[in-house]
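Data first, discussion second: the structure below is written as structure tokens.
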Amino acid sequence: MSERRLEGTGVTPLSGVGTVIWYDQEVDLPEPPAPDEVDPDAEHDRFETALDAAREELQAERDRTAEEVGEDEAAIFDAHLQFLDDPQITGAVEDAIDEGLPAEHAVREGFEGAIEQMEAAGGRMAERADDLRDIRDRLLRIVTDSERLDLSELPEGTVLLAEMLTPSDTAQLDPERVAGFATAKGGRTSHAAIFARSIGIPAVVGVGEQLLEIEADAEIVVDGEAGEVVVDPDEATRERAAESRDVEIRTERVATADGEPVEVAANIGTAAELEGAVAQGADAVGLFRTEFLFLDRATPPDEDEQLETYVEALDAFPEGRVVVRTLDIGGDKPIPYVDAEEEENPFLGTRGIRRSLGPDAELFRTQLRALLRAGAEGDGELAVMFPMVATVKEVDRSLAVIEDVRAELDEDGLAYEMPELGVMVETPAAVFMGEQLAERLDFFSIGTNDLTQYVMAASRQNEAVAHLHNPRDPAVLRAIDRAVDAAHAGDAWIGMCGEMAGDPELTELLVGLGLDELSMSAVTIPDVKANVVEIDTAEAREFAEQALASETKAQVNERLEE
Ligand code: PEP
Ligand code: MG
């Protein structure tokens, strides 16, 4: 039989080969009986008992995840526990029981409204709908007394396939046994994807309906690098996938063949990812997306909790720098407990620094207090950057808040240290105002995920315009070039922390464009470091000039292939 390839989104640049086991979370319910055949009191009791059992299971899974993966990942279970006590959700289930539905049907109906609401909000909020489905399915399984596949005990060499995996499912997977997983739904930033990256499991998500046609016991390859699932792989494909990644881990800093240093750093979202970043040879943290500390919980982390996390990051890189980005919420990353109006076009709305200087001013001050204090306490060098900056005024106002916070810490008699300060270059406005921003700041970091969507006017989440959302487009390259020139003219250093930085095919181009630092998911660091040491800077510059002179993305790609 010849092999068949299905495309999805690669989550980790790792491949695995194994035998399919399907994970079917859906519990099939028969038609409900007539309302007068249902005893509401008995059904309320069944629902209460299921809630208690679900709490117990979640608490146990929480404790295990905290021990085996990390406290930050375990926080997701706290959010699930809170959902179980959310009167809006439990109230909807109870209402459905009062209307004559048995507990299981009431659970299905009661959760539906909340799930639909979150899905309608789009982006990462929609991904939180996955959390609600997870809880609903757990309750359904308990109420109907259904068996569940034990994900922590899968046979060695399993490739797990599912329509969707939830955070609690993924946290149970043992990377020693599971060769990979693939899901029909889900995106790169879903929790399942984030877990897969932090525990190093080959994974492809968002494969679509075709995935559902793969039969149990089939042999498949999950190629997280190419973003492909290969059914009935031939011998060569199988061997390639089974080979462990043969890349040298360089823990030392690297320079081009002619001696230009290039810092290769890691992007992290939680402290649990620090260990992996160090293990892959990261010189530094180039982007700490702090919003992950604020997601999936009912209240924000307070100053001391944040302080502890930032110090942990600084201590993990005693000789390096840790660039912490202040909260970037809004857009596709709403947080339930912040006061946010629903916006027609959230990516062009109140997100990032706009929120920190507006409705989230208090959260911003607390975060800055924790950061400045961490700078004095942790071993590494702290740098702080602001997301989604579009104007010089936003930077001036942010710097004024920092001055205020400093005065406050002085008054409180608390030790602090001023970090390096910088901005994400993610808007065309920041590119055009680069010279003025660089005069005020120590560094820039280019966020190509957003910069591409704003330069090309193509959403980073819309499949229909994915061909336009490509940082290889000469328009994006010219924006990067201009930002690099502006930074260097103002004696600021400039890095890149968008996904583009971790694409090993682009290392030479990015070095040629003059970037001082590249920051990426830890797993791609060894490949990028291996590329840096081969580069001749003069050749890379010439290559970058050609790419900048290209008229189309196709021409850029041709030049890359040459
Ligand atoms: C970016 O926009 O490139 C970036 C790194 O930020 P995020 O992906 O968190 O928006
Ligand atoms: Mg961004």
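Any Cβ shown, glycine's included, is placed from N, Cα and C.
Values in this document were obtained by computation on a predicted structure and should not be read as measured data.
If you look up TrEMBL, you'll see His191 marked as active site, tele-phosphohistidine intermediate.
The active site, proton donor annotation in TrEMBL covers Cys497. Around the Cβ of Cys497 (active site, proton donor), the same chain contributes Ala265, Asn267, Gly286, Leu287, Val323, Met424, Ser445, Ile446, Gly447, Ser519, Met520, each under 8 angstroms and 6 or more positions distant in sequence.
In the three-state DSSP reading, Asn449 (phosphoenolpyruvate binding site) counts as helix. What TrEMBL records for Arg289, Arg325, Asn449, Asp450, Arg460 is phosphoenolpyruvate binding site.
Note on the compositional bias 'Acidic residues' (25-40): residues 97-102, 104-105, 108, 137, 140-141, 144, 146, 162-164, 166, 169 of its chain, located 6 or more positions outside it, place their CB under 8 angstroms from a CB of the stretch. Residues or ranges marked as compositional bias 'Acidic residues' by TrEMBL: 25-40.
Residues or ranges marked as domain 'Phosphotransferase system enzyme I N-terminal' by TrEMBL: 8-128.
A mean pLDDT of 85 is what the model gives for the domain 'PEP-utilising enzyme mobile' (154-227). As annotated by TrEMBL, domain 'PEP-utilising enzyme mobile' applies to 154-227.
Per TrEMBL, region 'Disordered' is recorded for 25-49.
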Tally of residues which DSSP labels helix, strand or coil - the domain 'Phosphotransferase system enzyme I N-terminal' (8-128): 83 helix, 11 strand, 27 coil
Cβ under 6 Å from ligand 2: qualifying recorded positions of Arg325, Arg460, Cys497: none
Same chain, 6+ residues apart, C-beta under 8 Å of the C-beta of Arg325 (phosphoenolpyruvate binding site), given in sequence order: Leu287, Phe288, Arg289, Thr290, Val384, Met385, Phe386, Pro387, Met424
Intrachain C-beta neighbours of Arg460 (phosphoenolpyruvate binding site), sequence separation six or more, cut-off 8 angstroms: Asn449, Asp450, Thr452, Gln453, His469
Distance in Å spanning the most remote Cα pair of Arg289, Arg325, Asn449, Asp450, Arg460, given for phosphoenolpyruvate: 20
Counts of helix, strand and coil residues, the domain 'PEP-utilising enzyme mobile' (154-227), according to DSSP: 20 helix, 19 strand, 35 coil
